[in-house]
Every structure is written in C-alpha cells, then in structure tokens.
Amino acid sequence: MKLYVFLVNTGTTLTFDTELTVQTVADLKHAIQSKYKIAIQHQVLVVNGGECMAADRRVCTYSAGTDTNPIFLFNKEMILCDRAPAIPKATFSTENDMEIKVEESLMMPAVFHTVASRTQLAVEMYDVAKKLCSFCEGLVHDEHLQHQGWAAIMANLEDCSNSYQKLLFKFESIYSDYLQSIEDIKLKLTHLGTAVSVMAKIPLLECLTRHSYRECLGRPDSLNEHEGSEKAEMKRSTELVLSPDMPRTTNTSLVTSFHKSMEHVAPDPTGTERGKELRESCQSTVQQEEASVDAKDSDLPFFNVSLLDWINVQDRPNDVESLVRKCFDSMSRLDPKIIQPFMLECHQTIAKLDNQNMKAIKGLEDRLYALDQMIASCSRLVNEQKELAQGFLANQMRAENLKDASVLPDLCLSHANQLMIMLQNHRKLLDIKQKCTTAKQELANNLHVRLKWCCFVMLHADQDGEKLQALLRLVIELLERVRIVEALSTVPQMYCLAVVEVVRRKMFIKHYREWAGALVKDGKQLYEAEKSKRESFGKLFRKSFLRNRLFKGLDSWPSSFCTQKPRKFDCELPDISLKDLQFLQSFCPSEVQPFLRVPLLCDFEPLHQHVLALHNLVKAAQSLDEMSQTITDLLNEQKVSTSQASPQSAASPRIESTTGITTTTSPKTPPPLTVQDTLCPAVCPLEELSPDSIDAHTFDFETISHPNTEQPVHQASIDLDSLAESPESDFMSAVNEFVIEENLSSPNPISDPQSPEMMVESLYSSVINAIDSRRMQDTSTRGNEGFGDRAALHVQLEKCRAAAQDSHSSIQTIKDDLCHFRTFVQKEQCDLANYLKCTAVEIRNIIEKVKCSLEITLKEKHQQELQSLKIEYECKLDALVKDSEENVNKILKLKENLVSLEEALQNKDNEFTSIKHEKDAIVCVQQEKDQKLLEMEKIMHTQHCEIKELKQSREMALEDLKKLHDEKIESLRAEFQCLEQNHLKELEDTLHIRHTQEFEKVMTDHNMSLEKLKKENQQRIDQMLESHASTIQEKEQQLQELKLKVSDLSDMRCKLEVELALKEAETDEIKILLEESRTQQKEMLKSLLEQETENLRTEISKLNQKIHDNNESYQVGLSELRALMTIEKDQCISELISRHEEESNILKAELDNVTSLHRQAYEIEKKLKEQIVELQTRLNSELSALEKQKDEKITQQEEKYEALIQNLEKDKERLVKNHEQDKEHLIQELNFEKNKAVQTALDEFKVERELVEKELLEKVKHLENQIAKTPAFESAREDSSSLVAELQEKLQEEKAKFLEQLEEQEKRKNEEMQNVRTSLIAEQQTNFNTVLTREKMRKENIINDLSDKLKSTMQQQERDKDLIESLSEDRARLLEEKKQLEEEVSKLRTSSFLSSAPVAAAPELYGACAPELPGEPERSVMETADEGRLDSAMETSMMSVQENMLSEEKQRIMLLERTLQLKEEENKRLNQRLMSQSLSSVSSRHSEKIAIRDFQVGDLVLIILDERHDNYVLFTVSPTLYFLHSESLPALDLKPGEGASGASRRPWVLGKVMEKEYCQAKKAQNRFKVPLGTKFYRVKAVSWNKKV
C-alpha cells in the first residue's frame, strides 16, 4: 500500500510510504519538498470535494490518498509561471525500429531461421503494444484525475465565494445600520461631552471608595467593628485613585482633549453644523469647569477626587478621552467615501468569482469519453497483436516438428502478410499514443490558464475578505464603544440617584426593624398563649364521646406566624448618610440637582396602630384565663373522681349548653354575629399593616409550618377553631359563616338544593334538631334538680360568650372587608371585560366600515381610470399588435430565409477583402460627416447663446413690467371692488367657452396627425413587403439555379479508400463554428428587432406625454389667468390702454423674434434632414456598389472553383487511364514471358531427348557389333536381353526423372509467376498509394485554404458587425441631436407661452371697462393655437424623418444579413463539392476496386465489424448504414454476435454485393442497435476470391 498524491499541473502521480498517513499534513509537505523539490509555500493540498488540507491535522483524517481518489497537489510556482508545464514524452527503445525490422525480415529467404526471427519480431511487437497500451491508459487516467482535481479546486472556490458573500452581506447589513445611526452616535457623543463636564464637578464620596476597595480585597463588611482598618483602606484608596492636587489638572486636560478629539473628526458634508455645536458645547464646558474649579478650590475637603477621576482610573490607559478619540477615529475610517468604492470592488470580485466561462471546461467530458473509446480500440489492437504473435509461435512449433522445407514458402508468405498487419496495428498504436500525449498537453495548457485565473481571483478575494473582516471588527468595536458612551453619559444621574436610594433605604431599614421587632415579640406571646390553651383543652376533650362525631377538627394547631425575626438584608450598602447627601447638594452642579433631593420619610402611623392593636389582642387573649382555669379545675376533678364515674357526667354540662345553641341557630342559615360591646379596638384593614409598598406578603404565611398542620384549605378553619373556649353558639356561627364564605369563593359550590349532598345534610340537620328538642324536654323536667349548678355555669358561659363575641367581631369585620373587596374586584373585572369587548367590537365595526368605504371609493376611482385608460390605449394597442404581427411575420420569413440560406455562407471566401477598401471609404465618409456635425454643433451653440441672451433681456423687461404693474394695482385696488364680481363672472364664462373651443381644436389636430402617421407607416410597410417579396423571389430563383448546379455536380461521384473518412472530424468542427456564427447572427437580429420595437414604443409614449404636457400647460395657464383675475382689479382705463398698447408693441416685437427663431430652427431642421437624406443616399449607393462587387467576386470564385473541379476530373481520368494502361501492359508482358519460358523449356527438353536417343542408338549399335563378333552368340543374346531389360528400366527411370524435373520446373515457373504478380500488385498498390497521398495532400491543402477563407469570412463578418454597430452609433447620435433640437424647440415654445400669457391677461382684466378692445385676448389665443399647430407639424415632421431613418437602417441591416446568408450557402455548397471531389475516384466501376459509396449489385466491398451495433457493416463514407444480412455470415466464414466474443471475431473481410434491400427500424430494441425510425440497407454478400 502506498499514499498517492496527484500533481494536477503536470498530471503526474507521486507515491509515498503509508507511514505518512499517521503523521500530519505538514510532515507530508516536508516529504514532498524533500523528494520532489517543491517548496512548502508553493504547495496546495486539496481533497476531492474542495476541502483544503490543514497543516495540523493528520493525513488519515481525510478520506483520500488512494490511486482512484488521490490527494490533489497544486504547485503555485508552476501556476504563476508564464509558460505552461511541459508533459514529459516517453519513447520506448524499439517502437521506432519496428518498421526497419519488419522490412529486413520481409527481405529474408524462406528458411527456418526467418520463421524464428519473424516469430521473435512478432513477440517484440506484442510486448511493445502492451507497453504502449498501458502508457496510453496511464495518460487517459491522468487526464481523468486532472479533471477531478479541477472539480475539487472549483468546489473550494465555490466555498470561498459563498463565505465571502456571507461576510459581505453581514458587513453590508451592519454598515447600513451604522449609517442610519450616525446622527444618533454624534448626539450621544455630545451628551457624553456634557456628562464629562458634569462628572468633573461631582465629588466622589470617601465611603464609596472604601466599599469598593473592600470588595476588591474580598474582606467582609463590618462597619461597626473595623473602623481603624477602614481608615487605613481609605488612605490607600485615596493614594490609588489620585492625589488631592491632581484632579483639577486631569479634569481640564480631559475636557480639552475631548474638545480636540471632537475637532479632529473627519469632515462630513452633512454634519458640519453638528460639529460646530459639539465644539461650542465642549468649549463652554471647559470654561465652566475651569471657573467652577477655581471658585471651589478653597472649599474642597482633603479627599478631593471627582467622579471623572475615578472612572478614568478604573481601566487605564482606556480613559474617557481615549474612548472618544477611538470613536472618532473609527468613524473617520468608516467614511462612506472610502467604504462605498471598496464595496463596489467587493461586488466586482464576486462577479469575477462567478465567471462560468472560466469555471466550466466546455467539451472536456466528451473529449475524455472519446479518449476512453480510443483506449478501448487500443486494447482491441493489443489483443489482435497477441493473437497474431501466438499464431507465429504455433507456426514455428509446427515447422520445427514437421521439419519439412516444402512448407516454408507458404508459411513465410503468410508470415509476411501477418507482419504487415502487425505493423499497421503498431502504427495505429503509435498514433493513439501521440493523440493521448497531445490531449494531455492541451489539457495541461488549458488548466494552467484557468488555475492562474483561479489563483489571482482567490488572492483578490482573500485580500478583500481580510479587509472586510477588519472593517466588520471596526464597526462592531465602534458600536460597543457607543454603548459604553451611552452608559457613561448617564453616569452623573445614576450616581446621584444611587446615593439618594442608599439614604432612603437606610432610613427605611431603621423603621422597618423597629416595627418587625415589636410584631415578632407580640406574635410570639399570642402564639404561645393559644398553644397552651389548646393543649389544656385537648387533654380534657381527648377522651370525650363527642370528639370525632360532633366536634371534628378540634385536634388542629395554629400556624406559627410572626414568631421569628426577618432575615437580614441591605447589609452591604455603603455608609452614606444625610450629611454626605447634603455635601453633594452643595458641591454638585445645577444639572444634577433635581436628582439629589432628600427622600421623604414614610408615614409610620399605621405601624404604630398595628402595634397597639397587637397589644390589645394579647391583653384580650390573656383576659380569658378564667375559662382556662375552669378547664384545669375540670381536669383535676377527673383525676380525683372515682373510676365508676362515666365519661357522660363530665360532658353533661357541655351537652346541656349545646341545647341553647341548637335552639337559637339553624344549620341551614346561620345568623351573623352581633357584638354590642367590644373589649378591644377595631383592627386595621390589611392594607394598613405594612408601610410604603411593604405589605403582609413580606412574611410567608405558609412556610412556617407546625407539626400538626394540615393542607392550606384546612388551615383557615383551624385558625377559626382556635376559639374553642368561646360559647358553642358563637363558635358554630363563626364556623358556619366561614364555610359559607369558602363555598362562595370555591370554584364549584354546591348550590343545588335537590342534590344528594344537600338532601343528606337536611336529613342530618332534622335528626339533630329532633334530638335537641328531646333533650330540652328532658332538661326542663330535670331543671329543678340541677338549678344551682346551672347558675354557676351560666355565669361562666356569659363571660366566655362575651370574649368570643369580641374575637368574632374582629374576624367578622375582616371577612366582611374581604368579601366586599372580592365582590368589588369581580365587578370591576366584569365591567372592564365587557367594556373592552364593546370597545373592540365598536373599533372593528368602525374599521370595517372605513375599509368598505375606502375600498368602494378606490374601486370606483380605479374603474374610472381603467376605463379611460382602456379607451385611450385600445387604439394604440391595436396598432402595436398589428405592427408586432407584421414584425413576427417578417421574423418568421427571415428565419426561413436564414434556414434556406445557411448553406451558402461556407463558400464566401475572398469576398471580404474588397469590403476592407469599402470600409475605408465609409470611414472617410464618416469622418467628413463627423466634421460637418461638429460644424453644425458649433452653429447650434452660437444660436443657443443668442437665445439665452434674448431670454435674459425678455426676463428683465418682464421684471420691469411686473414692478410697474404691482405699483398700479396697489394704488387702484380700493376703487374697483364693486365691479370685480360681475366682471369675473363674465370673464370666466368667456374663458371657459374659449378653452373648450381651443381644446377641441387641439384634439382634432392631434387625431389628424396620428391618422396621417398611421397611413404613412402603412404605406412604408407595404413598400417594404413588396420589395422583400421581390428579393425573396430573386433569391429563390438563384437557389433553384444553384440546386441544379449541385445536382449536376453530385452526378460525378466516385470512390475513395478508407483513410479519407478521418477528414470528417474537421468538417464537423467547421459545422460547429458555422452553427455558432448562425446562432450569434440570430441573436443579433433578435436584439436589433427588439431594440427597434422598444424605440418605437418609447417614441409613442413620448408623444403621449407631450400631448398630456400640452393639455396640462393649457390648464395651468387657465388656472394662472383665473388667479390673476381674482387678485388683480380693474384699473384706470386710459392709462391701461396706453400702457397696453406699448406693452403689446414690445411683446409683438418679442414674438417676431421668437417666430424668427422658430423659422431658423425649422430651417436648421430642414438642413439636417437634407444632410440625413444625402447620407442615406450615399450609404445606399455604397451598399449597392458593395453588393455588385460581391456578386462579381462570387461569380469569379464560382468560375475558379468550376475550373478547379474540371482540372481535378481531368487529372483523375488521366490517372485512371494510365493505371489501366500500365496494368494491361504488365499483363501482356507477363503472358509473353510465360509463353517464352514454356517454349524454351520444351525446346530444351526436345534437345535433351534427342541427345539421349542418339546415345542409346549408338550404344545399341555398338553392342550389336560386339555380339556379332563374339562366337558365343547365344550366350551373348541372353546377356543382351538382360542388358536390354536393364537399359529399358534405366530409360523408364530417366523418363520419370525428366518428368519430375519438368514438373518441378513448371512449379518453379508458376511460383515465379506468382511472385512477379505479387510484386506487380505491390508496385501497383504503392503507385496507387503515392497517387492517393498526393491527391490527399492536394485536397488537404484545398481544405486548409477553405478553412483559412472561412476564418477570413468570419473576421469579415465581425468587421461587418462593427460596421453595423458604428451605423447604429451614428443613428444614436442623430437621435440625440434630434432630442436636443426638440428640447430647444420646447424651451422656445414655453418662453413664447410665458410671454403671451401676460399679454392675454391684461386686456381680459380690463375688458369690462374697455369694450373697444375685445380682439386682443382672441389674438393671443390664436397665436398660441398657431404655435401649437406649428409644434405638432414639427413633431410630425421629426417623426417622419426618424421613421425614414429607422426604415433605411432596417433595410441596410436586412441587406447585410442577406449577403451573409448567401455567403453561408455558397460556403456550404463549395464544401459539398470538395467532399464529393475528395470522395470521387473513378466513374467506371472496376471489379478489383473497393466501393465505398452507392453500393450496387456486383460491387467489391469491405465488410468490417462495428462494435457499436454488434454487427458487420459495409465500410462507407455516406451517412446511411449498410448492414450485412445474417444469412451471408456462413458464406463469408463469419460468426454472429451472439455466438462469439469481440476478440474471436474477424475484424474485416472482402465480399461482393448480391442483394440490397431498404429497411427501417420499427422497434426501439432491435438487433442492429439503432434508434427507432432509423433508415438503413440490409445487404447480402458472398466471399470474394481473386483467382475466380
């Protein structure tokens, strides 16, 4: 296992030991520095996902470091270099020598050694292929990792931008709040200045410093025990705070420094007055303080420390002066003049960070996918090399095992073919390697530029982020300091209030402790007395029969209340006395005197009354000791009595006493207690028990518990049961009364008399009444027997009853008060709730009514306005809709024209060279036009100056007239009051009539002008449509002619080999560029059309506004006239007539001047129109000349291309003819040589045969002579017969040998012929390849020229766009000039209107007294009407001029677009011609040529395996697919896709076409793996045999 780090700059993987994963990132950086010499400061380590690795964290905490997910390293030194990092190119030792080795091995003879050397070469080629494939895979893997690294750094950039945006948003929000509160901060600082001056005058009390010093040292407070230590601490505190001589100087220095800091604030244009106020207040405070200090130096005691000195000492060196200085420094740093440009820079950095063109690498994923496909083809080539190498090894093993030399020639020939295939595969692998290396280098170059951008952008963002953080800190610190300032400004008031509060609390504690002591003392006595009484009664009543039956609850105990002293509080208060407060009153300034008032003492009378009441209650409780004495006597009697005495005898007097109770009281309705004589005074109400907001709740009634207490509900009854010694009637009445009270206050009282509980109670009470009545009868019969005992008991009972009545009367009064208050509070609550409900309902009703009324009124107004607006804008909308529809139709037609003419742009190559010269001419024309425009501007400037002078003179005259007029009005105002009303009524009527007439005239004129404009626009649109239709017809005719030419050229199609298919990629790139240019042109057209429509809309809105302004101006004039009529009065007729005549003459002269100015402006407009028309005619003529030149150049280029095409066709025909002639000549030579060789062999064989026959005849003759000579003829005959037989056998053997030799010679000749044929074929192929390469080079040059021309056309298009932009700029200038003229005309119109207003006013004012001058106001009205008509005419003329300009500019743009479209079409056609030329070879089909287009039956085709479709297809350069029929697979010895893998299937085979059928995919899932609806051919073919 290793740790993988990927260097993104160069795309290399760095490996390290896994021990570094346990160590920190800093150790990893040191390891990278030591191993790869990359400095630590230049290293940036990023994990997938964008997280940057921290130096102090361990490497293993990040989920990265594997080979698939490495740590991405960025070298900043490489990024900041100007040159991109170079990718190292790896070359293997044998990859370049393979071709030489193959050529050498092909030259070797057919021997075993050649077989072994070729197998070794094949194995070497396979090894090299494996290395190349692994190298290419590594390169592509590195590119994938580079892509991942770029994605990681982009994620990091995204995180940085998000954090930067959050920081900026936070700062903007805080800074906006700060800007809103600047004035508040300045006000707080001024308050602090006044507070500082006050604090300097307030002396610090000595006891306060002792207290704080004691708190610092942590010593306990002991005010009475440690007086000596307090004195020592006081001395130390005075030494620590300040010496007695220092405070004056420090105070003055502080105030002066505060003043200086106020002066040194950054000057704010809005807050200068506030700064002056601050300075004045500071100076006044300094002067006052110096005077006060000088006056009071003699009166100050020894401990002379002010409150300001103590505050300054608390946090040295941060005193008040430094606090204020820091506040003003930070405010000057946060000046909007400094911050706002910085904020703009921050927003610009955010925009730079969000640059999508730099973030996204367009087309990289498609490129990586293509590289993956290339790697897959590379692996296929390696597998093919492997199979071939294994075949070589197998053939070598067979040859070694057979050891037959006759097999070697065929084996060597097949080896040669296989070596050529391996060499081709090797070349392909080298090509793939080259492509991969170039792709990696290009990606590295691209990433270098983008990483440099990323580095600079992030650096800028970091710098701005640091500034933002510093500014944010500054704002936060400033706001915190302002809070401190706010707190310090309230210190004098708080100091005085705290001193007063301490004095008040001291006074209160004194009285409160006295009252609490007396209360606790009396409470203890009362509680102990009650406790002893209950204990004695409990001992007596414990064994009674009535204990748990009739008298329940007698075992309860009273709760302990006011038996303990309250806890200590306010122990740590400083020792401030009234003397100290008076001292402060005498020395503190007047600003603080309202806060230093002596607190008023509480009203302690209720406390004294409460103490007296408690004393009386204790006396009353102690006065009942006779009852307790009787109880003790009874207890003693029980002890003395005998054991025979029953418990009933002891309880008999109690039972007898109860009879009285039952007779007098009823259980259902107990009567209230009536106390006649009270032994103790009335108890105060509960509100008076506590003084000054200290009520009875200070003591917790429930917390002091008793061991025998029950729940809180029962404790109230227990308190009432404490009166058990009282007579039983009173006791029962009190209990019943309490129960009723509880039932009233309880949430669920039992009030139903028919409920089961009430029925049981009634039954129980009836039974008790019956028993009591029976007892009364018994006692009446026995009354005489115990009369003496009754008398004594009766006396005692009366005493007890009196005491019980006293106690119950006090309780009854308390309960009555409580009940009264409870009912009062409940009534108040109910009344309040009802009142709130009623008021809420009333308010809601009012709000709803107001809402309804407002909604109704608003709806009515809105509907009226909507109706008026609908009526006004319906006609405008109809016109605009018509225009928009016409524009949409035009756009659609333009789009159709664009689509139809897109093919012509590719063929316009040399046209734009002439446009340069034309552009120069246009530039000259533009310069001349600019000069003329400058001259016109100068003239306009001079005229404008003259108009200003005239206006000034007119204004002076008007001011003089107004002064005279005002004087006369003041003198004659009192005389003409009686005539005012009649004259005003008549004038109002006449003015109303005239206004209506003038308004109707203006409206009619406006409608007429609008109708004229509509008619003119419609005529122009019709003319445009007619011209557009004629141009479309002409273009359609041209298109038809061009289509005929294309059809003529498309008939000349021929064949070409497989290698030309690689040029399609270049054409695709050109198509992409063309599509981009088309889209840009479309966008330009859309934008121009939208701009024109918007301009038209704005002009229409301007016209409406002008009409509305005119109406408003007329209305304003009428209102002014009415106001003047109401203010002014009739004056002397004779003087006014004379003055009026003079003023009218002056005004006529001014009006003449204004009309002359109007005429001059109209003449200037005419001149401008003429110049515009001239410029338009010039531009039209120049454009027509440009079009003519373009047409001429197009025809010349077409002629050139036709000539080139003819020359190419002639060259091809010559080549084909020469090739055929060479081939025939070679075949003839081969036949001739073959015949010659056969004849020579036969001749030699005949000669040899004759020689052998001659030799045999001579031998026979010689043998016959020998036989004849010898005597033993018979023996010789036998020998001769044996010799003849032997000779015959020899002859036969020799014949056989000769025949074998002949056969061998024939075989050799045949092999030689085959070798000659193969060599001829190879020569033919090489010649054909050379011709092809030449043709290819020529066509590549043509394509390059075309691409260069296309680039030039694109450049020229850009220049045309610039020209269009310049024309649009000229148009904008003209529009601006027009606007300026309109503004001047409007100014002149307003001035004329203002001048005509007083002229019309004067005669109308005095019309009642001067009937001889009725025509003067009518003249002024007519003049204003004439001026309005002139303005409307001028506006209509300007509108027509503007529309003419817009239409002419539209025509120019349309002409340029059409020329561009024609160029695109011609470019496309020329590209198609070039493609057809490059794909055409020989028109006549030859049997031994491979067809690559337009397959027919009998054509020789190349059948290849297409892995995308998993089928065999015919190799073609056309877009249509030709699939091989599945029935033809066995005939061609091919395997189907289902039965064999891609490695074992043959990659290609040659065949002949037998059948062809046209098909279409009807299912999405099909065996050819094509999309639904795809059209293709299915072809049947047979194997091609060269011999056949």
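Each residue, glycine too, has its Cβ placed from N, Cα and C.
If you look up Swiss-Prot, you'll see 858-1393 (among others) marked as coiled coil, on the strength of sequence analysis.
Taken from Swiss-Prot, the feature coiled coil applies to 1440-1479 (among others), supported by sequence analysis.
Per Swiss-Prot, the feature compositional bias 'Low complexity' maps to 643-667.
As annotated by Swiss-Prot, phosphoserine applies to SER229 (among others), with the evidence given as similarity to another entry.
If you look up Swiss-Prot, you'll see SER243 (among others) marked as phosphoserine, on the strength of a large-scale study or a structure entry.
The annotation phosphoserine is assigned in Swiss-Prot to SER253 (among others) on the grounds of similarity to another entry.
Summarising the annotation, Swiss-Prot assigns phosphoserine to SER257 (among others).
Annotation source Swiss-Prot lists phosphoserine at SER261 (among others), citing a large-scale study or a structure entry.
Marked as phosphoserine by Swiss-Prot: SER623 (among others).
Annotated phosphoserine per Swiss-Prot: SER646 (among others), in sequence order, evidence recorded as a large-scale study or a structure entry.
If you look up Swiss-Prot, you'll see SER649 (among others) marked as phosphoserine.
Residues annotated as phosphoserine in Swiss-Prot: SER652 (among others).
The phosphoserine annotation in Swiss-Prot covers SER733 (among others).
The phosphoserine feature in Swiss-Prot is assigned to SER1087 (among others). Around SER1087 (phosphoserine), a 10 Å sphere centred on its CB holds 10 further CB atoms from the protein chains shown.
Feature annotation from Swiss-Prot assigns phosphoserine to SER1366 (among others). Under the DSSP three-state reduction, SER1366 (phosphoserine) is assigned to helix.
Residues or ranges marked as region 'Disordered' by Swiss-Prot: 638-674.
Remark: secondary structure over the motif 'Nuclear localization signal' (565-568) totals 0 helix, 0 strand, 4 coil, with classes taken from DSSP. If you take the Cα of SER1087 (phosphoserine) and the Cα of SER1366 (phosphoserine), they are about 16 angstrom apart, rounded to a whole number. Close to SER1366 (phosphoserine) in the fold, though at least 6 residues off in sequence, lie GLN926, each with a CB less than 8 Å from its CB.
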